[in-house]
Each structure stands twice: as structure tokens, then as C-alpha cells.
């Protein structure tokens, strides 16, 4: 490791900070953001794509934090699990998947039941309802009773979307003649990722007990919740029919995104589980759609795709130090997802985890832990040890998901101030900053009907290059512009160019930096900026 002072490249990821011209319902346009506004005016900037085919998703599919960080860290467009699994359903290879076939055979030999647990929506961020329909057909082909444990969305979809989804699901099950909905739980409970075990427990108890059955249709559970002003995300776990997870059964958790599926999975499979009191259900065959954690002892229907020569790996191979920093809500994204699904850090990779505030929803604490993250990263920059610093600010995404416009504006203004601190710290040591986002959210919070919008968007995001005195852009100096057709996969090649490191062949992204035309250089006026 180099001992001389290092001028870092600082990648600042403003989670959920999209770009949209329209100001109505736009928390970012409504907020007071003097730092970002000044940087946008003074430095090379562009808009980049973060959704659909630009990040390996189907055309028109909104991006998300997992996909965003995966593409940024990989330096290439990574085909996403949504596409991979959807293709398996459409082409029929799902029905010959060896892990799923073996599960069905084992359950049938035991005269057990097959359970499908997952987020039931077309959001495409954590799961897709079409994948459940494929699983129901799988159960039908094997002559197995299928018990469906619905997790309702309301976060990656409109807050009251579940009623329509459940109506269609009930009709599809009736037509199929296979499968029944036995429990309904909001994702707030079943998909917690912050070790609020009381939430996970509420969903787990309903799924594993036939007590307290409320003889309702699933759609009626949603409608009764709406009548109490409870949206899909917060539907209280409810059992509506017999069909608890019991010894001899098999389970498929069909979420493909790992982070919010881990806690509930642990409760089912971990013999040393300590989140809450429960007896381990055994024998129980448990399959997850993707690998939720390398340490989990369960089947995986779609094993991970290996990515080689990603950004963190290249930095480490050249003997340089790097730092990843975020609060709890986005820590996995700057580490696990940024590193292509690897849990272990690369040599020379340090990590800073700042706990997120323990509140029910983040509109109650719009600043979240941004100030603490900022101070920790500022100190790290001042050490001049790291060639690359990656920091994520969760506020505009996490508060944006609440649908509370005023709170989201506060969140954005907090982040703007934090960016100012990091710009000052980085430029003081000659470092260069790249300021961008992983997907849109907070720029669109009210839909065309005037209702709160809590999901992500397909809008582009800003990308700003703040060039430092000791970390100049090679061969260009101040005479640079940024391409207009870029995407998240282009960020890693841009960083490598600034660090003067070779771009591996596996990295198919292209640097966003291009030389400005001669005429533009002549007309460019130097800007004096003080933050």
C-alpha cells in the first residue's frame, strides 16, 4: 500500500435523486439545494440512464438500488435476475430447474405441502407476480397442494395496488385449479432488513400457525386495510385459510433480490437463530430463488452469475486502498451489490457502517444518519489514504418511499448540505468527486391523479464531475465535457480513467469523459465557486 498522501476519487451516490423538468410533485426541484445547483452550473455535467435495458432490465422497467450499485461496480450492463427468471418462466425451463424439481419430488414423497412465499406485485424490484404463476404451474404438474403466502407491496407500486393484484391472483388460481392464498402480510413486516425482529416475527407466526384464521378473501384483507387508511406496505399479517408451514413441507421464497428476504429466511432455516423464540421446523426443504447469503444452508434455484474484474477488484489488484461508507439502509449496496454479490471485502477495502435511526418510517427522521455518514467520510478523506471513496446517501430514496413530500424536501436539503462538506474536504486535498444517483424517486412523488407516488421512476439521474487539482482528468485538464448517452455501467471506466488505471476487457462500459470541441473551449468562462 502506498504511504504517500493520496488525492482520492470520491463517488457520491445520492440514492433516489432523479432528474425531471416538471416541478409539480418534485421534491428535488422544490428543495433548497444551493450546493448541487452551483456544482451543476460550474462543472461538467450530464444525465445518465438508470432503468430498463441500460441496466440489464426489461425495456421500461424502473431501476433500483441493487441493480444500480451492481452496474456501477461492475462497469458493464449486468443482465438482471428479473430477466433471467422471467425468461425461464416464458421458455419453460423453470419446470425442469433441477433444484425446484428435486424439491417437488421430496415434498411429494413426504406427502407434504408446497409453500410459495414472496412479494406479489409487478414492481419488478424484489420479485414479479409472473414468477409466482410459473411456480403454481410447477406445483400443478407435480400434483402438489400449493399454499401461497402473499407479501403485499405498496412501495415499488402504488400504495393501494394490491387489491387489483389479489383479485387477479385469486381468479388465476381458480382457473388453474391449483393453489390457494393462505396468508397476507405487508412487506413492512415480512421484508424488514433492519433487524426489527418483531416485524419479522409477526409474519413468521402467521405463516407457521393455523390459529386465528380470519375466513376472508385475500382481496378483502386489502380492502379492510384501506378502510383503516393502511396501505399495502403496512397490511398486518393475517391468516385467511389453513395451510401452515409444517414438518415435511417445502418452501420456495420467490423474491430474487436478497436484502429484504434474508431475515424471514433465517427464521425458517437457521438452527442457531436468535431473532425471536421459535422452534425449528424440521424436516423442511427450503429453496430461495437466488442466493440470499452464501452461508445459508438451503437450495438456490438460480445460482449467482460470476462477475470478474469489477471496479473494487481492479483497485485492489493495483495495491490501492478504497473505502465504502453508508448507513444501514444502503450499506449492503455499497458493499455486497457494488462488489458483484461478494460478501467479503477486497484487500485494502475498508468499510464504514453508520446505524440508521430506529423509527417506524423515515419521514419521522428525514435527515436519517446523513450527518454522521458525512463526518465519517470527511475524516477518511482527510487521511489521504484512499484512492477511491464510495459513499451513499439514502435520504432521497428512503424518505421518498414514504410518499411524504414535505419530509422528502427536508431530506434532500440535508443531503445537499452534506455534499457541500464532502466537496470542500475532497477538493482541499486535491481530490476529484463524481456526484450521481442510482435511480430516480424523489423527483416524482405525486401521480397524475394527485395521489402519492412511492415507487422508483424511469427518469435519468444527474452526473457531475468536480475535478480536483491533484487528481486531474488525464489528457484533458479543464477542457472536458461529459457524454449525453451514458449509463451507470460507464461510471467505473470513468473512475479508472481518472485514476490512470487500465480498463479490463470484461468492463464494457465507456468513460463518460470526452474532450470538449475547440469552439467550446474558446467560449468557456472560468467559474469561481465557494461552498
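Including glycine, each Cβ sits where the backbone N, Cα and C put it.
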Among 193, 324 - the residue Swiss-Prot places in the same substrate site as 126, 155, 156, 187, 257, 258, 259, 260, 330: 193
Swiss-Prot annotation, Mn(2+) 2 site containing 15, 438, 439 - matching residue among 65, 86, 369: 65
Cα distance (Å, whole number) from residue 65 (Mn(2+) 2 binding site) to residue 126 (substrate binding site): 11
Cα separation, residue 456 (Mn(2+) 1 binding site) to residue 156 (substrate binding site) (Å, whole number): 6
Whole-number Å value of the largest CA-CA distance among 126, 155, 156, 187, 193, 257, 258, 259, 260, 330, listed as substrate-binding: 18
Cβ neighbours within the same chain of residue 456 (Mn(2+) 1 binding site) - under 8 Å, at least six residues apart: 16, 51, 62, 63, 64, 125, 156, 439, 440, 441
Residue 401 (Mn(2+) 1 binding site) versus binding-site residues 65, 193, 260 - nearest by Cα: 65
